[in-house]
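Here Swiss-Prot flags Cys96-Cys188 as disulfide bond, drawing on sequence analysis. The N-linked glycosylation site annotation in Swiss-Prot covers Asn5, Asn88 and rests on sequence analysis. If you look up Swiss-Prot, you'll see 1-24, 79-99, 158-194, 259-271 marked as topological domain 'Extracellular', on the strength of sequence analysis. Residues or ranges marked as topological domain 'Cytoplasmic' by Swiss-Prot on the basis of sequence analysis: 49-56, 120-138, 219-235, 292-312. If you look up Swiss-Prot, you'll see 25-48, 57-78, 100-119, 139-157, 195-218, 236-258, 272-291 marked as transmembrane segment, on the strength of sequence analysis.
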Amino acid sequence: MENYNQTSTDFILLGLFPQSRIGLFVFTLIFLIFLMALIGNLSMILLIFLDIHLHTPMYFLLSQLSLIDLNYISTIVPKMVYDFLYGNKSISFTGCGIQSFFFLTLAVAEGLLLTSMAYDRYVAICFPLHYPIRISKRVCVMMITGSWMISSINSCAHTVYALCIPYCKSRAINHFFCDVPAMLTLACTDTWVYESTVFLSSTIFLVLPFTGIACSYGRVLLAVYRMHSAEGRKKAYSTCSTHLTVVSFYYAPFAYTYVRPRSLRSPTEDKILAVFYTILTPMLNPIIYSLRNKEVMGALTQVIQKIFSVKM
């Protein structure tokens, strides 16, 4: 067992990019993805805010998803870019705690928000006459507020524990951000009790919401199958397939990473999987929701036409 480090409290993030041409290529690719995510999510938020036809619970939830994704990727990538450009892979003890807190908060909030969006589609398709009551503005705000509060409390508990455990002399985190499970490998104490709480937390905030989402869309698909209108059936299938694509792309790598015991995990595999839910998903969400949505594309076309008409 290693000795405690009494002189330095900084961590070292080993990162994702090797110092080679391949590393430069991966860095450039991720930086471009980051820019696309910023532009896409900001555009989605502004579009929903500006177009009065999109002022509905469904699009309000979608704007919150874009807001979460915008902050989510901004919590991770700027530090990666700085480390690669300046060759400084260190992160302060406090900085690591802050990054971990925001990552966990945004990750859980997105999962809960996706569950709310699934419930919204379930009510809209299965109980259309009850929709204004079940998904009122007040209910919508409560779901969003609840998602943020629950995720913040959960994140605070995990981050405080991670910052309070004693760490060994080696402070090199084999990851590209301060991921709590990766930090636990550096601990100079037995963390099996905490690892059990991580498994429990992952089950509560990953497996249970995904089960709820699957049940909601199962009911939706059954209701859609019974529809007489071909146009309505096509629109409902399009909406559901869009949401299921987002959910699967987000939950699958996340659950596979956090629900597995440490003995079955590898740092390289964890880093690759983390790219999906921290970098790719925030970039893909606005693209998937806009390209498969006639209302969003129509609103985007109107905004572009207004901009060009003003310039003319």
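Yeah, the Cβs are placed from backbone N, Cα and C, and that goes for glycine too.
Here the topological domain 'Cytoplasmic' (219-235) is broken down by DSSP into helix, strand and coil counts: 13 helix, 0 strand, 4 coil. A contact between the transmembrane segment (272-291) and the transmembrane segment (57-78) is present, since 3 or more of their C-beta pairs, 6 or more residues apart, lie under 8 Å. For the topological domain 'Cytoplasmic' (292-312), the number of residues in each DSSP class (helix H, G, I; strand E, B; coil) is 18 helix, 0 strand, 3 coil. Counting every protein chain shown, 16 other Cβ atoms lie within 10 Å of the Cβ of Cys188 (disulfide bond). Rounded to a whole value, the Cα-Cα separation of Cys188 (disulfide bond) and Asn88 (N-linked glycosylation site) is 25 Å. Tertiary neighbourhood of the topological domain 'Cytoplasmic' (292-312): same-chain residues 43-44, 47, 50-51, 53-54, 59, 238-239, 241-242, selected by CB-CB distance under 8 Å and a gap of 6+ residues from either end. On the 0 to 100 pLDDT scale, the topological domain 'Cytoplasmic' (120-138) averages 91 in the predicted structure.
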